[in-house]
Amino acid sequence: MYDIKKWRHIFKLDPAKHISDDDLDAICMSQTDAIMIGGTDDVTEDNVIHLMSRVRRYPLPLVLEISNIESVMPGFDFYFVPTVLNSTDVVFHNGTLLEALKTYGHSIDFEEVIFEGYVVCNADSKMAKHTKANTDLTTEDLEAYAQMVNHMYRLPVMYIEYSGIYGDVSKVQAVSEHLTETQLFYGGGISSEQQATEMAAIADTIIVGDIIYKDIKKALKTVKIKESSK
């Protein structure tokens with residue numbers, strides 16, 4: 001079993017987006033710690049299994065971040081289940097999890113399931129609109145969410161998601177200072193080695209996604225953060 005606590009860098013691939021064989025090879029051979037498959041729109045059983053089969057040729061951990069029950073399938077090393085803490089809709093707190101347990105509870109290996117305390121911070125993102133997230137958050141709000149995740153829910157991962165824009169470094173830093181047990185994931189808008197380095201100095205793990213489809217060379221440079229220690 002892989003130890004996610006050691007992961008510093010993850011590439012996130014969207015099954016609804018096209019990626020060439022050459023670019024996929026570069027991503028999977030880049031020394032990233034893991035590949036995560038997940039997205040918001042048009043995530044289907046067919047496109048998830050197609051992307052999974054392409055990535056499975058490479059010897060690195062493969063994660064499915066669950067966005068709907070229909071696209072869940074065996075074959076992944078881990079299944080990340082988001083609970084969107086700042087959603088105003090209970091479905092995105094535990095509704096998807098409830099349906100997953102009703103459908104697959106008898107066969108789930110809970111050692112493979114990682115629960116993520118998600119906080120969505122970009123009001124203009126598809127993720128925020130889809131999950132009906134309240135993104136008008138102060139630093140104090142984020143600190144309270146961090147305490148909730150770390151001390152009360154005791155979730156293994158807290159994911160600060162800016163989805164499409166680069167986040168407020170001071171707010172991410174404030175969250176980090178309240179997490180003593182929970183692993184901090186940061187994702188959103190990382191499009192350069194400099195941004196990757198800046199966020200990797202705060203978060204335990206950075207997630208790099210959109211830039212893969214815009215500039216593969218810039219995406220690959222973000223892996224250089226692994227050369228330095230946090």
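Glycine is no exception: its Cβ is also placed from the backbone N, Cα and C atoms.
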Going by the sn-glycerol 1-phosphate site in Swiss-Prot, where Tyr159, Ile160, Glu161, Tyr162, Ser163, Gly164, Gly189, Gly209, Asp210 are listed, which of the candidates Lys12, Lys17, Lys102 is also part of it?
Lys12
Name, in the order they occur in the sequence, the residues of the same chain whose CB lies under 8 A from the CB of Asp14 (Mg(2+) binding site) and which sit 6 or more residues away.
Ile37, Gly38, Gly39, Gly209, Tyr213
Using C-alpha atoms only, work out the spacing between Gly164 (sn-glycerol 1-phosphate binding site) and Thr40 (Mg(2+) binding site) and round it to an integer in Å.
12
Which listed residue (Gly164, Gly209) has most other Cβ within 10 Å, given these are binding-site residues:
Gly209
Consider each pair of residues in Lys12, Tyr159, Ile160, Glu161, Tyr162, Ser163, Gly164, Gly189, Gly209, Asp210, all listed by the record as binding sn-glycerol 1-phosphate, and report the largest Cα separation in Å as a whole number.
16
How many neighbouring Cβ atoms, not counting its own, are there within 10 Å of the Cβ of Tyr162 (sn-glycerol 1-phosphate binding site)?
24
Would you mind reading off the Cα separation of Lys12 (sn-glycerol 1-phosphate binding site) from Thr40 (Mg(2+) binding site), to the nearest angstrom?
12
